[in-house]
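Undergrad: I'd like to ask you about the structure that follows.
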Amino acid sequence: MSFRCVAGRPASAGPTDRPPGRRGARLLGFALMGFGLAGCASSDDVTGAFSAPMAPATQAAAPVRARPVPVAAPAASAATHPDMTPAALARDQANFNRCIASLEPKARAAGVSTAGFRRYTAGLKPDMSIMEKLQTQPEFTRTAGDYVTMLVSETRIRKGREAMAQNAAVFEAVGRNYGVDPYVVAAIWGIETNYGSARGSYPVLQATGTLACVGRRQAYFRDEFVAALRILDRGDIPESHLKGSWAGAFGLTQFMPTAFQRDAVDFDGDGHRNVVDSVADAMGSTANKLKRGGWVAGRSWGYEVVLPARFNYLLADKNTRKTMAEWAALGVRRPEGRPMPAANESAYLLLPAGAKGPAFLMTDNFKAILSYNPADAYALAIGHLADRIRGGGPFVQPWPDDQRALSRNERSELQKRLASRGYDVGPHDGAIGSKTRVAVREYQVSAGLTPDGMASGEVLDSLRARDGT
Ligand SMILES: [Ca+2]
C-alpha cells in the first residue's frame, strides 16, 4: 500500500457550508454523541467538576469507574425549549419533507448535484427517537481524575499497541507526512471509538436530516446535513457505511460531516476519503486535523510537573505562558528527576483537579489536541494514552481521592452565591467558564483557601458556611 496524501477539499464551498467554528462544531459533535447538548458550554468547563462535553462515545463500554458518579435528572431548560414541546415536534415532523426539499438550494450551492440531492433525500424520514436524545440532557458529572482514569485503561493501552502494530505502515506514514505524533493519532482512535468497535449505528444522513428539520438545533444541523449529502454525492463513503452517533459523528475517529469536509484526506490513495472503512484515511485525516490545529513536530503535548511548596497558584492559568526555563526558575520540576524540556519552549500550567492533584505544563501541541475537542480532560486523556501506548508510565502524582464533582445545580448554586457577594460570574448556568474561575480565585484568596480557581466542593462548602445557609 502506498500512502499518498491528497489534501482535503476546500473547507467551505460557500457561505452556506461554513460551520459555526471548529471548536464549536467539535464540541457540539462530541457532546451530542452520548450525552445531549447539555455540554455545549464554554470550553473552559472542563477542569475538575465538569459535565457532558468530554464524555466520549465509548464511555458506556469503559470498564473503569473509580467511584460512583452521580447521574442526575434531565436539565429543565431543554424540556421547556419552545421548539421541543410535543406540539412543536409534531409540527416539524409533519413538515419534514417540505423542510428537506427547502434545503436543495443550500445543498446545490455547496456542490451537491441535483440528481444526488433527489436520490439521497427521496423517502428520507425523520428518526424521532433522536429527539429524545436531544431532549434529555443527562447531568453527567465526574472529576478530571475519574475521567482520565476511566479512559486510559490497561485494556485501551494494550489494544492501542496492538492496533498500531497491525497498522505499522499507516502510522509510520502518518508521522512522516504530517509531523504529528502517531501515538496521539492512535489515542484519538482509541478514545473516540475504542479502535473502531464503538462508532454508532445511526445513518448519518437521516440523523443530521432529522436534526436539521426537527427540534431546537436546526440551523446548526443544516450545515451538517448538507455536508453529509456531499459525502454521499461525491462517493467518498457508501451510504450503507455512513453511520455514526445520533448526532452525526462517524468513522473511526468520529468526524462530524463539516469537519470531514474541512480535514479529511484520501491517505491510501484510492480516490475516496473513506474515514469509515480505511484505517489509513481515518488516521491520515485525524493527523491532518491535528496539523491544522497547530501541531508542532517533534514536541510533546505536555509534561507532568511537581510544584514547589508555597507555590503561587495564581500562575496556573492558561493565559500565563512562560518558557520552560522560567518555570524551572520558579521551582517547577519534572518528577523523578526527569530533565526539563527545551528551555525556550513555552507552556502554561494546568491543574486539572486543582492544587491537590497533579500538575502539568502544556505546550502548543496540547492546544492542537484541544482543536479536536476543546475539553482539557479529554485532551489530557489523549496525550496520556498516547504516552502509555508508547510505553510510558502512569502519572506520578495521585489524583485527589477526596474530591467530589459538583452537579450542574451545585455549580449553579456556587455561581449564585459568588454573585451575591459581588463577584462577576456571568450567567448562573452551571457552566464553569473563565469568569467563574476568576471569581473562585478571588473568593479563595479572600477566604484564605489555596487560589487554584477550582470550582470544588470545598469552595461551595466554604460559601455555604459563610452564607449560613
Ligand atoms: Ca482512500
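The backbone N, Cα and C atoms fix where each Cβ goes, and this holds for glycine too.
Unlike curated records, TrEMBL annotations are generated automatically.
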Undergrad: Can you dig out which of the ranges 386-406, 449-469 TrEMBL describes as region 'Disordered'?
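TA: Result: 449-469 is the stretch TrEMBL calls region 'Disordered'.
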Undergrad: Treating G and I as helix alongside H, and B as strand alongside E, what does DSSP give for the region 'Disordered' (449-469) in helix, strand and coil?
TA: 11 helix, 0 strand, 10 coil
Undergrad: Mean pLDDT, the domain 'Transglycosylase SLT' (96-387)?
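TA: It averages 95.
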